[in-house]
Structures are given as structure tokens and as C-alpha cells.
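Colleague: One structure is given below, represented as C-alpha cells, and several questions about it will come after.
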There are 2 protein chains.
Amino acid sequence: MTAAIIDGKAVAARTNEETAQAVAEFTDRTGTRPGLATILVGDDAASAVYVESKRRTSVRLGMADFHRHLPSTASRDDVARLLDELASDDAVSGILLQLPLPESLDTTGLVDLIPPSKDVDGLTTASAGLLARGLPGLRPCTPLGAVELLDSSEVTLSGSRVVVVGRSELVGRPLAQLLLQRDATVTTAHSRTQDLPAVTRDADVLVVAAGVPGLIGAEHVKKGAVVIDVGIHRTETGLAGDVRFDEVVGVASAITPVPGGVGPMTIAMLMRNTLTAAIMVSEPQQ
Amino acid sequence: MTAAIIDGKAVAARTNEETAQAVAEFTDRTGTRPGLATILVGDDAASAVYVESKRRTSVRLGMADFHRHLPSTASRDDVARLLDELASDDAVSGILLQLPLPESLDTTGLVDLIPPSKDVDGLTTASAGLLARGLPGLRPCTPLGAVELLDSSEVTLSGSRVVVVGRSELVGRPLAQLLLQRDATVTTAHSRTQDLPAVTRDADVLVVAAGVPGLIGAEHVKKGAVVIDVGIHRTETGLAGDVRFDEVVGVASAITPVPGGVGPMTIAMLMRNTLTAAIMVSEPQQ
């Protein structure tokens, strides 16, 4: 058996098309575009590339682009003032504070200045609380993207055994919550887990977000399982994930490649969140 | 083999003694007592008994008792005004809004008026967010009590496989988070889980908070596992839990009885949370 390849690029492109269409409808209806404010503090090259890519996509989908760049010497107050300004600007539907911030800044405190209604990255304490309680709110983009890929492949989540490897604040923990709300039986494994292969072999659906290159091999995967690889690492032979693709492709029934799997979904979900944020604000006024 | 019985009454009594001593020290040091405000809306008999028991314990441990009773006809604004008043009263360390509220009231919205620093039940969205992010905050009492019982029995959580049966907002979900932060490999099972016995038999530690009388029997438990029963139900033959105690006692290495297991721990953790809330407010001022 060779696993079906879950084409994240194609799913992301389809999702973005749907978002663009909904943005056009929103703009026709309200006379305003959904607006995404991106904030870059300092000059980290990778962060600049990510922000650029998000801005370009948002404009392509018809949104308004509000970009702010602060120097690496910006104080906490500088960032806080900017966040407050964007929070009270009705033209800004979503605020994305690109991480990591320079180390001198209080990341948690600053992120929490983003109002939950504009928290399109889903990273604030308020958004985490809404997710934990199963209340409506904006969810983190990468976990949303992983679930969307499973849905696009018509994978049954209700009643299935899902193992999430990794318990990061950005991916593993919110993803476990999303999957639980989809009625999966969810196990979270991590660096302290004993006998990881025994744990992961229970999985009908295995989602790997451990941040460890090549952690998961054929011995970790039940025959016919669906494998989603959230990891992405630069290696000597190119980009690679947390999953040894060449091995696991012979055991799984479906698998995401790296690159071209979860990666493209993250921006697509950010775009959808920005549209959702705009709609949430506009609807009570109709 | 017969399982050791985990004596929740004894652990709760010991915890309460420690809390009383810390309350006395706090009062000596600051000149004020930690204060617990309990709010009862309406005349539900069971709720009245619970509130009475919490008040009595708080007074016995040396805390100040601020009780408010609103009629069942109280409006949302009546409850909101009272919560605001207690939120801004420095003598009130913790606010407990006894649930369930009369059905006409917006429970989620009202609970969220309790500031996280006084949320001794750990039920607000803000507290749920702090727990989900692993940030300092007040945690829900019953999950805390279950973990405390495991600690009192010197059960190793780090690296162990823990299965939580139940995904309620009050118990199952926060408990899974607490256990994950203690480095357990955590599985959440629930009513949609397929082949529950196969899932629960993986558990070194099995915590049952399903709300289904007698759900878990010998066939669900690995030999030598530790079993914590959060359920409590009135049956024809007296109080009973989610676990068939008489069966499981012959398989487990340790087990909580019902009553006398997790139950007494819930109030003990409420008391400790109230003390913690008082200390958190007082310390920045020293």
C-alpha cells in the first residue's frame, strides 16, 4: 500500500478562493473591506518574509493591508500604544503581532492587549479560554489548518482515536482541544511520553507537531492510519518534517508531505479568521 | 490483590489543617483575613446545602464569610451589580457564584464578570485561558482535588499514561490540562469513544468523570492501575460513583471510594484557592 498524499497546497488554494469570494460579497454588502493589520518589530529576516507573505495573500484576496513596522529598539509602551490604536480602529478587522518579539519585550502581556474579537492568530489568553470552554471565538491558524486538511480528505474524526504528538501552546494543545470538540478520542503525547511507538500505534489519525526532525517512522504508525505532519525543518537535503515520509508513506493510508502539507494551510486559515473577525463585527450592526 | 483505598476525607482534613495554619499566618502578617464571598441565587435546596457547607468550612479555617442571597427573581443586572461590588471590595479575596443559576440568567456572561484574581472556582473564560496557556492562575477545584489525591498517594504522573473519561467543562477538560502539565501522557475519552474498555485499559491512572453511574467495571481497568472516581450519584442503595467499586477494587492498586474520595477534596481546594487569591493580592503590596 502507498498512502494517498494530502495536497495542502491545493486545499489552501481552494480555501483561499472561497475566502476571496466571501470577501468580495462582504465588501459589496458593507462597503468596507476586511482589514488585516500586521505588526513586525525588529528586523528578523524570517519574520519579515512571513509577514510579507501574509500581507501579499490578504491583498490578493481583496482585504485591506495595514502594516506597521517598529524598530527592534521599540519599547513595551511603543508596541502597546500601537496595539491600542489598531484595536480601536474600525477599519482593522484582525491584528497579527508577528512572533517572536525581541527578547526584551513581554510577549505574553503584549499579545493579550489584542482584543479577542481581532485576535486572528488565536493566541491571546482570552481566545485560549474561549477554545477551552468551547465558546465561539477565533482559533489558532495551524491547528485549524490541520483539522481542515483532515476534513478535506473526509477523515472521520468522531469516535476515532487521534494521537497528537507535541503539546506546544501554538499547535499541540489547541489542536487537541479542537479534535476533542470534533468528538475524537484524543491522546496528547510529548517528550516525556514513555514508549512513544506504542502510544502512536493506537492512532487512527496521527498528528505530529513535536518539532523534532524525523521523529516518527514506520514503527510508530498503525497500518492504514492518516498522518498529518506539522513539523518543518531545514535539513541538508531540503525541507523535512517530523515524520520520515519515505517510510511512513508505505504504512499510512494518507499523509501530508513537507513542504506542501500543513504549511500552506496556516496562511489560508489566517485569511479565513480575518474574514470571520470582520463578519463578527459587522453582523450585529445589520 | 485488593486495592489500597485512597482516603479523600483524611487528605482533605490534612489539607484544610494546612490551609488554616496558612490563613492564621496570613492574618497575623497582613492584619486581614482571606475573605470568601458566596452568592446563592434562588432557593435550590441542594445549592443551599453546598453553599452552607463552603461557608462553614471557610469560617472554621479562619476566613471571613461574605454571603449574599438573591431571590430567584433576581435580574441579570441584579447579579451583575453584586458581582461588580464584590469584585471591587478589597476584603473579598474570592467570589463563588453557586451554580446552577436560575435558567433565565446568562450563566456564562455572569461568571465572566468575576475577575480572574478572585475566581476561586476557576470557571471563568479568563481562568480557562490561563490554564490552557500554562500561565499562573486559579484552577477549578474538583480537578485540583483529583490531582492532589494522586499526589497524596505518591502516584507518578510524569510519563504515565493517564486516561480521563469525561470532557465536561468543570472537570474532564481542565483535569486533562492539569495532568498534561504534570507531564502525563493524557487521553480524553467520552461518550463518543469507541471500545471504551480498550482505551481505559491502557491507563496507568484512570480518572472517571463521566457522570454515568457504574460505567467503569473490572473489564475497563488494567491490573495495578490507580483509579480516581469523580462521579457521585444517589442510588437506591446509597451514594455511588461512576466506577463499580466492588469489581474494580480487585483489579486496581489504589482506588477512591464514593463517598469519601474526591468529594471532600473539592471544598478543600476551594479553601486553598481562596487563600491563594488573598496571597496573590497581598504580595505585590509588601
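Using N, Cα and C of the backbone, Cβ positions are placed for all residues, glycine too.
Automatic prediction, not curation, is the source of TrEMBL annotations.
Pasting the feature list from TrEMBL:
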- A:G166, A:R167, A:S168, A:I232: NADP(+) binding site (BINDING)
- A:6-121: domain 'Tetrahydrofolate dehydrogenase/cyclohydrolase catalytic' (DOMAIN)
- A:140-278: domain 'Tetrahydrofolate dehydrogenase/cyclohydrolase NAD(P)-binding' (DOMAIN)
Colleague: Taking only the residues in the domain 'Tetrahydrofolate dehydrogenase/cyclohydrolase NAD(P)-binding' (A:140-278), give me the average pLDDT of this model.
Modeller: 97
Colleague: Over all pairs within A:G166, A:R167, A:S168, A:I232, the annotated NADP(+) binders, what is the largest Cα to Cα distance, rounded to whole Å?
Modeller: 16
Colleague: Report the same-chain neighbours of A:R167 (NADP(+) binding site): residues 6+ apart in sequence with Cβ closer than 8 Å to its Cβ, ordered by sequence.
Modeller: A:R173, A:A176, A:T188, A:H190
Colleague: Which number gives the other C-beta atoms within 10 angstroms of the C-beta of A:G166 (NADP(+) binding site), all protein chains shown included?
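Modeller: Around the Cβ of A:G166 (NADP(+) binding site), 24 other Cβ atoms lie within 10 Å.
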Colleague: Mind sorting out which of the binding-site residues A:G166, A:R167, A:I232 are close to chain B, meaning Cβ under 8 Å from one of its Cβ atoms?
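Modeller: The answer, in sequence order, is A:R167.
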Colleague: Test of understanding: give the count of other CB atoms lying within 10 angstroms of the CB of A:S168 (NADP(+) binding site).
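Modeller: Around A:S168 (NADP(+) binding site), other Cβ atoms within 10 Å: 15.
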Colleague: Quick check on the domain 'Tetrahydrofolate dehydrogenase/cyclohydrolase catalytic' (A:6-121): DSSP residue counts for helix, strand, coil, in that order please.
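Modeller: Helix, strand and coil residues of the domain 'Tetrahydrofolate dehydrogenase/cyclohydrolase catalytic' (A:6-121) number 59 helix, 18 strand, 39 coil.
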